[in-house]
């Protein structure tokens, strides 16, 4: 029996959420044609890549994030480094879910998709996960590794989803566009934003000479747009081996201007994050 292609499998996955898509050019509704592309009422077309993702930006935007960075980040995530964060997110969403229908979860700024997939796996059949990022390199890594979500290259300033279509909007250690977030959320939706805590990666921060971090400006800006209903802290020490340390150096912008040879291996790294749960 011939194995189904990633492209065909992705098309079938997208068919389960096609009703919430909108054309990023004209805003009209979309449909799948030939299990290979999305077409809107005005005939704007967006092909499914053979790797199983959608490219829904009109012009490719180059970012600072490379394929190697996303592969290193995926290795770190799969090692269990962020398991405490995933457990915290699962606890928050499980408590908030109140619908008998599977919830649509949009991860805006998904990167290589590991957080979304690990969280979705914990929630089982209760969610329809969609991962979106402007960095094509990240979405390519996500689509190559994970088939249980819909993957989209798209701009946070022009999310290709209908108004009020998202139940949970994740924004994990990523830039935000709060106007667009509000548009795709409904009155019962929650924005769940994850920001660094003061001691996040403090062992690396000390070596590269960065000042102590404060997230208060980010939280204040968020509070101007949304009502903060819960603030949950995730704080633990993660044990890492030398290979994980090398991946950590590659994935974090903290070390971009530092020669890796100048960094001393640390067996334990601080994970300190805050989960900010919001309503419109």
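Note: Cβ is positioned from N, Cα and C throughout, glycine not excepted.
Any TrEMBL annotation is an automated prediction that lacks curation.
According to TrEMBL, the protein has these features:
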- 21-64: domain '23S rRNA (guanine(745)-N(1))-methyltransferase N-terminal' (DOMAIN)
- 23, 26, 40, 44: Zn(2+) binding site (BINDING)
- 82, 112, 113, 200: S-adenosyl-L-methionine binding site (BINDING)
- 105-187: domain 'Methyltransferase' (DOMAIN)
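Other Cβ atoms within 10 Å of the Cβ of residue 82 (S-adenosyl-L-methionine binding site), summed over all protein chains shown, number 24. DSSP gives residue 112 (S-adenosyl-L-methionine binding site) a coil state; it is part of no helix or strand.
When Cα-Cα distances from residue 112 (S-adenosyl-L-methionine binding site) are compared across the binding-site residues 23, 26, 40, 44, the shortest belongs to 23.
Counting only the Cα atoms, the space from residue 82 (S-adenosyl-L-methionine binding site) to residue 23 (Zn(2+) binding site) is about 34 angstrom. It is 26, among the binding-site residues 23, 26, 40, whose Cβ has the fewest other Cβ atoms within 10 Å in the structure shown. Cα separation, residue 200 (S-adenosyl-L-methionine binding site) to residue 44 (Zn(2+) binding site), rounded: 44 Å. Applying DSSP to the domain 'Methyltransferase' (105-187) sorts its residues as follows: 30 helix, 28 strand, 25 coil.
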